[in-house]
Structures are given as C-alpha cells and as structure tokens.
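As given in TrEMBL:
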BINDING   Asp10, Ser11, Tyr42, Gly43, Asn75, Thr76, Thr189, His190  substrate binding site
ACT_SITE  Cys74  active site, proton donor/acceptor
ACT_SITE  Cys188  active site, proton donor/acceptor
Amino acid sequence: MSQRPILVFDSGIGGLTVLRELRVAIPDRRFIYIADDAGFPYGDWEESALIERIVALFDGLIAEHRPQLAVIACNTASTLVLAHLRAAFDIPFVGTVPAIKPAAERSRSGLVSVLATPGTVKRDYTRGLITDFARDCEVNLVGSRRLAGLAEAHIRGERVGFDELETEISACFVQKEGRRTDIVVLACTHYPFLANTFRKIAPWPVDWLDPAEAIARHAAKVLPDIAPGLPEGFDRAVFTGGAPDYPTRRLMHGFGLSLGPGEGTASAWRALG
Ligand code: DGL
C-alpha cells in the first residue's frame, strides 16, 4: 500500500519555504505541493469569494489524493479559511498564521512590524492575534500589494531592484522615543525568499521572523507517529493553472518535486495512484 500523502498548499511558490522545513521535521512522509497559481495573488481577493474558491479546490484535492494531513502554507488563506476547511473535511489541517505571539515574546523594544499581504493585514484573525498575544507591544501592520509577485519574479531569475523592495518594506521601520523596531514578522510565505535582500537594504538590523520551522514542528505533532506504508514514489507539484513556465519547473525540480507522469518512472507513477 502506498502511503497517503501530505498536501502543502499555497497560492504560488511561497509554500516551498514551509515544505523545506516539513521535510526536515517529517522526512518519512510523501508530499504533494499544490500551487493555486490560477488564483495568484490571493492578497486582494474578496473574502467570501476566496473562501468559496479554496473550499471547492479542497473538495477535489481530497477526493483525488486522500491526504493524511493538509498544510495551508499561506497566511492569506489560513487567516481566512482554516475554520471553513476544518468544518468541511475530515482530515487535520495545519495553518500558517502571522507569528505575532513569538515576536511579542522576543521583542526588546516593544516595536514589532508584521509584513504581509493586504488580505492578511485586514483579517479579524490577525487583529485577534494582536489582542490576545501582543498587548504589551506596538504592532505595526504593513500590507504590501507587490511583494509576493516580486518574490516570484526574483525566484524566476528576473531582476528585482533594491529600490522596489525598499519601497515595500520601508514602513516596517519605526523609531519612537529612543526605541526602534527590532522584529519584522514575515507573514507571507513568499517573503523568506527575499529575506537575504531585506537584510542588505534594511536601515538597521532586525530579526526577520520566519515561522516555517515552528509550523513544521506542529505538523509533526499532529500526525500519527507511524507512517502507514513506505513513502513510495516522487514528491510532486500540481499547478491549478496547468503547466508552469520553465523557470518555475526548474525551481520545482530543485526542490525535488516532479510535475507530471513523464518525469518519473512508470512504476513510481503507478505507485502514486
Ligand atoms: N504566500 C501567501 C501568504 O503566505 C500569499 C501570496 C499571495 O499574495 O497570493 O500569504
């Protein structure tokens, strides 16, 4: 019997930053990466339409792949649809939500910024995290319309200028009464791909908080201890928009993800079912 896979879901390539840590935490599992590139970017979607889209997508994904767990590796989706997915389907879901609690615990200056999509910034869920866990901090929500797209362009090998990125992140840096921002939460899974550049262009050093490792550890706890069957076959990626472009295919290959039956051996693909 082939092992039931773990689905890792994002609007694009951002969820790869979570997949990387999942593979460290639970190396004995098989992963299917789902990129809803036909819906990308999620940041500006109207909330009820996005809920409807993602629940409908999961209807098909769960019937087709019979996953043992789904990781929603997207803040914009998790802060909106997790409750709906849990109510609709009988598998565990692990979400990715802004790491406001650890940021508030670690900040020395009490000035924390959350860099996210406009969708994540406006969610009640995000405001609730601030009220529940960051009462003693000043939390500055910074919504960027362009950064997820710039991260995709950067990873595809296109030139993304420092000035473009500076414009998007400058609002994260606050100085007040002798204190200054010391933590910026990367509250979109695309942004860790740009973190090295953020470090270069930041007006002063801050901790860029990426919650991927914590999410992976949580997923390991939620899973049953014993994986049923061997993780036979390839990890693979599925794009809702059909065949992705060449740089994106190369990126997927770099992450050890196959994109179609033509890329594996026939027996491995039979095992994938
Ligand atoms: N990667 C997604 C997140 O974590 C958002 C990207 C998008 O704008 O679709 O929020």
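Glycine residues also receive a Cβ, built from the backbone N, Cα and C atoms like all the rest.
TrEMBL does not curate its annotations; it predicts them automatically.
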Any further residue of that chain within 8 Å (Cβ to the Cβ centroid of Asp10, Ser11, Tyr42, Gly43, Asn75, Thr76, Thr189, His190) of the recorded substrate site: Gly12, Gly14, Pro41, Cys74, Ala77, Thr117, Gly119, Thr120, Ala148, Cys188
Cβ neighbour count within 10 Å of Ser11 (substrate binding site): 30
Spatial neighbours of Cys188 (active site, proton donor/acceptor) among the binding-site residues Ser11, Tyr42, Thr76 [C-alpha, 10 Å]: Thr76
CB contacts for Thr76 (substrate binding site) [other CB atoms within 10 A, all chains]: 30
Most distant Cα pair in Å, residues Asp10, Ser11, Tyr42, Gly43, Asn75, Thr76, Thr189, His190 binding substrate: 12
Close in space, distant in sequence - Tyr42 (substrate binding site), Cβ under 8 Å, 6 or more apart: Ser11, Asp36, Leu50, Cys74, Thr76, Ala77, Thr117, Gly119
Tyr42 (substrate binding site) - helix vs strand vs coil (DSSP): coil
Nonlocal neighbours by CB distance (under 8 Å) for Gly43 (substrate binding site), same chain, sequence gap 6 or more: Thr76, Thr117, Pro118, Gly119, Thr120, Gly143, Ser144, Arg145, Ala148
